[in-house]
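Peer 1: I'd like to ask some things about the structure below.
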Amino acid sequence: MTPRKKLEGLVAATVTPMTPDGQINLSVIHQYVDYLVSEQNVKNVFVNGTTGEGLSLSIQERKQLAEEWICQGKNKLDHVIIHVGALSLPESQELARHAAAIGASGIAVLAPFFFKPTNKNELIAFLQKVASEAPVVPFYYYHIPHLTGVKIYVEELLDGIKEQIPTFRGVKFSDMDLLDLAQCINKNESEQFAFLYGVDEQLLSALAIGANGAVGSTFNYLGRKTNLMLQAFAKPDLALAQKYQFLIGEFLNFVIKLGFGVAQTKAVMTFVSGIPMGPPRLPLVNASEEFIIEAKAKLDSIAWPDGD
């Protein structure tokens with residue numbers, strides 16, 4: 001799948017549908033693609049990441065999901081980015097080769113987080129070994145330090161990165177350090193890198209300092225609302241953009257207080273889209289019925305500016 005344009009705008013961090021007995025459920029991916037495109041106006045996806053429980057899946061399962069998303073997304077999706085990060089370098093390289101072979105629009109890698117890189121050079125050495133296995137596929141670094149524990153500043157990482165990773169195209173920046181993000185954007189303006197923010201409740205702040213778009217789980221079910229926020233920001237109609245961000249934040253603040261993670265995201269996606277996303281994989285456990293009832297009531301109660 002050759003990208004028709006630069007990666008920007010909204011990218012849905014997809015959940016991995018599972019059957020009640022915990023096997024991946026490929027049969028609903030076609031419905032999932034159609035839902036994102038027609039109902040949420042989202043045409044980019046990030047597969048096998050955190051929201052997709054990628055590191056809880058086997059290598060074979062990750063390959064099957066990647067293949068299905070690319071197959072079902074053909075002529076419908078603009079970009080299918082496959083996360084190929086793993087704790088094992090050979091496994092990450094294997095996934096990168098596979099993603100290239102099936103026509104992924106791009107690959108992304110997070111920092112290994114058991115034996116951690118302690119400085120920029122160690123991290124780049126790992127990333128380069130993965131990227132080189134897919135030498136014509138756009139490469140993105142997935143920065144999520146609160147989960148990996150690798151807190152190397154992206155500003156530092158990007159200095160001279162194209163010389164070592166020629167396919168480097170940008171960052172999925174899932175951190176609240178907007179100073180680091182701002183420095184990345186300011187110092188790399190001429191490189192045309194994509195800076196995609198990954199903290200949905202703070203997206204408007206990231207847009208204000210120059211983020212190109214975002215990768216997030218909420219775009220699975222609030223993509224259309226978030227797109228309206230992006231349109232308002234571009235006009236510019238800051239008051240309207242703020243309204244959307246505040247309302248998105250109101251919902252997220254509510255569910256975070258209830259306990260909100262991948263399992264709960266699957267539950268919300270199920271009741272909003274009507275597509276059965278199934279349970280998460282252990283050690284994650286199903287969202288409670290109480291959570292589902294309260295989250296649905298809260299979402300239904302929000303008065304959006306567009307009247308929906």
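Heads up, the Cβ atoms here are built off N, Cα and C, so glycines get one too.
The pyruvate binding site annotation in TrEMBL covers THR51, VAL215. The feature active site, proton donor/acceptor is assigned by TrEMBL to TYR142. Summarising the annotation, TrEMBL assigns active site, schiff-base intermediate with substrate to LYS172.
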Peer 1: Measuring Cα to Cα, how many Å separate the residue listed as 'active site, schiff-base intermediate with substrate' from THR51 (pyruvate binding site)?
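Peer 2: Each residue's Cα considered, the residue listed as 'active site, schiff-base intermediate with substrate' and THR51 (pyruvate binding site) end up 13 Å apart.
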Peer 1: Provide, as an integer number of angstrom, the distance between the C-alpha atoms of VAL215 (pyruvate binding site) and the residue listed as 'active site, proton donor/acceptor'.
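Peer 2: That comes out at 10 Å between the alpha carbons.
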Peer 1: Long-range same-chain neighbours of THR51 (pyruvate binding site), Cβ under 8 Å, sequence gap at least 6?
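Peer 2: Looking at Cβ-Cβ distances below 8 Å from THR51 (pyruvate binding site), excluding near sequence neighbours, one finds ALA13, THR14, VAL15, SER217, ASN220, VAL262, THR265.
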